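K.L.:
Pasting a structure here, questions to come.
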Amino acid sequence: MKAGVLALQGDVEEHIQAFRKAAQELGRSVEVVQVKRPQDLREIAVLAIPGGESTTIGALARRTGLLDALRDAIKGGLPTLGTCAGAIFLAKEVRDSVVGETKQPILGLMDIAVVRNAFGRQRESFEVDLREEGIGALKAVFIRAPAFTKAWGSARLAAPLKHPELGQIYAAAFQGHMVATAFHPELSTTAVHRYMLNLAKT
């Protein structure tokens, strides 16, 4: 089985290592590849979209022809994890905590609303312990993190947190074969990557 990591920008290597370690823990044979072109999507059984800068990821995906290819593959059932900026890229509604509505290129596939930079900039980074059904307990690392504020359709918000200004917000969202996290699981745990490998068809 092949797992793919979108390799346009962000912490690509950390996701590659997290998939490799998760596969080892599950006793599975998994090759992890970088996804840089539309044709790279053809053979993978699961995908991670890393954090980074969401407007840059969207612009590069459009320029390389990956925007439509990613949308088609994920709509077709490819299990996909979006972390931090990757979660923003998956969402249908995106606004910034400072500038409001954004016009950035997004996949627009998950029925969730996301606020970019909800926890401030780099200096407001933090870690918390979270527990989520199906994934278990994990240490979550938030870096310039977004927040999920609303879900509709078949999407489900998870991992609740109290935000000083936004009130009750959520650090994760699930919708069928798609998972979005406001935090960076690749930096502290293999639990989310194990979950994704278990979603994938062998």
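The backbone N, Cα and C atoms fix where each Cβ goes, glycine too.
Residues or ranges marked as L-glutamine binding site in Swiss-Prot: Gly52, Glu53, Ser54, Arg116, Ile143, Arg144. Residues or ranges marked as active site, nucleophile in Swiss-Prot: Cys84. Taken from Swiss-Prot, the feature active site, charge relay system covers His184, Glu186, and the record attributes it to sequence analysis.
How about a rundown of where these features are and what they're close to?
P.N.:
In the three-state DSSP scheme, Gly52 (L-glutamine binding site) falls into the coil class.
Taken residue by residue with DSSP, Cys84 (active site, nucleophile) is part of neither helix nor strand, so it is coil. A simple way to gauge crowding: the CB of Cys84 (active site, nucleophile) has 29 other CB atoms within 10 angstroms, across all the protein chains here.
Cβ contacts within 10 Å of His184 (active site, charge relay system), excluding its own Cβ and spanning all protein chains shown: 27. Following the DSSP three-state reduction, the secondary structure of His184 (active site, charge relay system) is coil.
Around Glu186 (active site, charge relay system), the same-chain residues at least 6 positions away in sequence with a Cβ under 8 Å from its Cβ are Asp11, Glu14, His15, Gln17, Ala18, Ala48, Pro50, Thr83, His193.
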K.L.:
Hey, for the L-glutamine site built from Gly52, Glu53, Ser54, Arg116, Ile143, Arg144, who else sits with CB inside 8 A of the CB center?
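P.N.:
Neighbours within 8 Å of the Cβ centroid, excluding Gly52, Glu53, Ser54, Arg116, Ile143, Arg144: Gly51, Cys84, Ala85, Ile88, Asn117, Pro146.
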K.L.:
Quick one: what's DSSP say for Ile143 (L-glutamine binding site), helix, strand or coil?
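P.N.:
For Ile143 (L-glutamine binding site) - judged by DSSP and reduced to three states - the answer is coil.
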K.L.:
Return one of helix, strand or coil for Arg116 (L-glutamine binding site), based on DSSP.
P.N.:
strand
K.L.:
Cβ distance under 8 Å to Glu53 (L-glutamine binding site), same chain, sequence separation 6 or more: which residues?
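P.N.:
Counting only residues 6 or more apart in sequence, the Cβ neighbours of Glu53 (L-glutamine binding site) under 8 Å are Gln9, Gly10, Ala85.
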K.L.:
In angstrom units, rounded to an integer, how far apart are the Cα atoms of Cys84 (active site, nucleophile) and Arg144 (L-glutamine binding site)?
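P.N.:
Per the Cα atoms, Cys84 (active site, nucleophile) and Arg144 (L-glutamine binding site) stand 8 Å apart.
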